[in-house]
Amino acid sequence: MLKILIPTLMLVPTTWLTPAKWLWPSTLSHSFIIALFSLTWLKNLSETGWSSLGLYMATDSLSTPLLVLTCWLLPLMILASQNHMSLEPINRQRMYITLLTSLQFFLIMAFSATEVIMFYVMFEATLIPTLIIITRWGNQTERLNAGTYFLFYTLAGSLPLLVALLLLQNSAGTLSLLTLQYSDPLPLTSYADKLWWAGCLMAFLVKMPLYGVHLWLPKAHVEAPIAGSMILAAILLKLGGYGMMRMMMVLEPLTKELSYPFIIFALWGVIMTGSICLRQTDLKSLIAYSSVSHMGLVAGGILIQTPWGFTGALILMIAHGLTSSALFCLANTNYERTHSRTMLLARGLQMVLPLMATWWFISSLANLALPPLPNLMGELMIITSLFNWSWWTLALTGAGTL
């Protein structure tokens, strides 16, 4: 674990001490080497147990793919940001890369934490660099409004989680994921316990986001610079899904009776955001709403608590992380060339930029879940397990797929 964390931390002095002309190449190569090293996590995966086990940090088959995705995204963000950041003063460029590095560090700590409180602290810490990136390097003046939405939605959702975790510590005696599964099952019978269940899940459902508490996402995506959009779509939304999967083992008795409205909201959101997408004119807003739709499927897959649902949710989270960050990167390339995100003005670009049009085609088909790609595998597993759980869900998922 330290062979990734220490080089990530050392990227900060590298950023500030490198001469200006070597700033971007050196940080890019440094982060790329870290990304290559992160692949070693994949080789010691065990089916059920933890690997790279320490007292406070460990990886298992749920967190490892997300950790590798996090490490690979940093060089890609640096590569995508290089062009539009080159006009800024050199110290601001250094600050920008430092924020991206700190974000990666917090995310690695969050995904590998074995203490739930440590996960919560890192979950909240990711808010600070993201907020600075959106409000400082966003495009329009609405970025302050978007930052406010992002801050208040996320904080309002996650403060009940802190209270819920303290109550869990009080009743179970531990918050370590390694021992929590062996503690006595909680007698979740009273009305207060149901509120506790909602408090635990609400933070993650806002972060995913579930349809109904998703209003911060399109605003944040539209106003964020390219790296902000990429990290937001690829990793920060996955924190919600990862947290839900981790907490499910504690909340299991209540989930069976309380998850129905949330599953309905998630699947209804798939249909609603799909129809909202049909009316969008802004390119980034369109990709943001499609993210809400995909994460609705992930939420449904996690809440029904079947092995297929969990596996499909994880596959779709990874596939969506790669696809949506690629789409945002292409939208930024479009914006750099045409200085507009309006889709009507992007017509006929294939004649001028044939390679970019090819990448748009591939990424759009991936987002559409074309057969050989993991997006289809994830969606099929979730839809099949939803259909097995209740055949009424077929109407909602079928309409959403259309």
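Positions of Cβ are set from backbone N, Cα and C atoms, glycine also.
Across the domain 'NADH:ubiquinone oxidoreductase chain 4 N-terminal' (1-110), DSSP assigns 83 helix, 3 strand, 24 coil. Taken from TrEMBL, the feature domain 'NADH:ubiquinone oxidoreductase chain 4 N-terminal' applies to 1-110.
Annotation source TrEMBL lists domain 'NADH:quinone oxidoreductase/Mrp antiporter transmembrane' at 113-398.
Residues or ranges marked as transmembrane segment in TrEMBL: 21-42 (among others). Residues 3-4, 7-8, 11, 14-15, 51-52, 59, 64-65, 67-68, 71-72, 74-75, 78-79, 82, 90, 93-94, 97, 101 of the same chain lie 6 or more positions beyond the ends of the transmembrane segment (21-42) yet place their CB under 8 Å from a CB of it.
Remote same-chain partners of the transmembrane segment (62-81), defined as residues 6 or more beyond its termini with a Cβ less than 8 Å from a stretch Cβ, comprise 4, 24, 27-28, 31-32, 34-35, 37-39, 41-42, 45, 51, 96-97, 100-101, 104, 107-108, 111-112, 225-227, 230-231, 234-235, 238, 242, 245-246, 314, 317-318, 321-322, 325, 329, 332. Residues annotated as transmembrane segment in TrEMBL: 62-81 (among others).
Beyond the ends of the transmembrane segment (93-111), by six or more residues, the same chain brings 4-5, 8-9, 11-12, 15-16, 23-24, 27, 31, 57, 59, 63, 66-67, 70-71, 73-74, 77-78, 81, 85-86, 118-119, 122-123, 125-126, 129-130, 132-133, 137, 227, 231, 235, 239, 242 to within a C-beta distance below 8 angstroms of the stretch. The transmembrane segment annotation in TrEMBL covers 93-111 (among others).
Non-local neighbours of the transmembrane segment (117-137) in the same chain are 56, 96, 99-100, 102-103, 106-107, 109-110, 143-144, 146-147, 150-151, 154-155, 158, 161-162, 165, 169, 175, 203, 207, 220, 223-225, 227-228, 231-232, 236, 239, 243, 246; each lies 6+ residues outside the stretch with a CB under 8 Å from one of its CB atoms. Taken from TrEMBL, the feature transmembrane segment covers 117-137 (among others).
Beyond its flanks by at least six residues, the transmembrane segment (149-168) meets 116-117, 120, 123-124, 127, 130-131, 134, 175, 186, 196, 198-200, 202-207, 209, 213, 215-216, 219-220, 250 of its own chain at Cβ-Cβ distances under 8 Å. As annotated by TrEMBL, transmembrane segment applies to 149-168 (among others).
Sequence-remote contacts of a segment are chain residues at least 6 beyond its ends whose Cβ falls under 8 Å from one of its Cβ atoms, and for the transmembrane segment (195-217) they are 123, 146, 149-150, 152-154, 156-158, 160-161, 163-165, 167-168, 188, 232, 236-237, 239-241, 243-244, 247, 250-251, 254-255, 258, 262, 265-266, 268-270, 272-273, 288, 291-292, 295-296, 298-299. Look at TrEMBL and you will find 195-217 (among others) tagged as transmembrane segment.
As annotated by TrEMBL, transmembrane segment applies to 224-245 (among others).
Here TrEMBL flags 260-279 (among others) as transmembrane segment. Using a Cβ-Cβ cut-off under 8 Å and counting only residues 6 or more beyond its ends in the same chain, the transmembrane segment (260-279) has close neighbours at 201, 205, 210-212, 214, 286, 289-290, 292-293, 296-297, 299-300, 303-304, 386, 393, 396-397, 399-400, 402.
Per TrEMBL, transmembrane segment is recorded for 286-304 (among others).
Annotated transmembrane segment per TrEMBL: 310-332 (among others), in sequence order.
For the transmembrane segment (344-362), the residues of the chain that approach it from at least six positions outside its boundaries are 281, 283, 326, 330, 333-334, 337-338, judged by C-beta separation under 8 angstroms. According to TrEMBL, the feature transmembrane segment maps to 344-362 (among others).
The annotation transmembrane segment is assigned in TrEMBL to 382-401 (among others).
Same-chain neighbours of the transmembrane segment (382-401): 263-264, 267-268, 270-271, 274, 293, 296-298, 300-301, 304, 306, 308-309, 312-313, 316, counting only residues six or more beyond its ends whose CB sits under 8 Å from a CB of the stretch.
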